[in-house]
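Accompanying notes for the structure given below.
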């Protein structure tokens, strides 16, 4: 009986270690394309470091992720990019400067018409 218990404990530990290894997979980076009225916005999302990069006002911005009640929010306290589902907006100094952004399936595709996938 003692030998059976020892084998079970070893197998159980091995199973836990294998499952723990599965959670170490790093999320991939993504390039997201938005249509914001007549303006296109491209956002590079670095999931490993929880930040996004985008070009606004002729400047390359890198915004770290910050706490949000809902959606994903990135801010450097001057610029803010906030997305939820397939929609997003951009603020500068707490004023919305780009609104009504809809995620595109690819840069050349039509807008996802209000669908949350």
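Numbering starts at 1 and runs along the chain as it is shown here.
Yeah, the Cβs are placed from backbone N, Cα and C, and that goes for glycine too.
Residues or ranges marked as disulfide bond in Swiss-Prot (evidence: similarity to another entry): 36-101. The N-palmitoyl cysteine feature in Swiss-Prot is assigned to 22; the stated evidence is sequence analysis. According to Swiss-Prot, the S-diacylglycerol cysteine annotation covers 22, on the basis of sequence analysis. Among the features that Swiss-Prot reports, signal peptide is placed at 1-21, with the record citing sequence analysis. Residues annotated as site 'Directly involved in lysozyme active site inhibition' in Swiss-Prot, with similarity to another entry given as evidence: 70, 84.
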Recorded positions compared (84, 101) - highest count of Cβ atoms within 10 Å: 101
Conformational class of residue 70 (site 'Directly involved in lysozyme active site inhibition') under the three-state DSSP mapping: coil
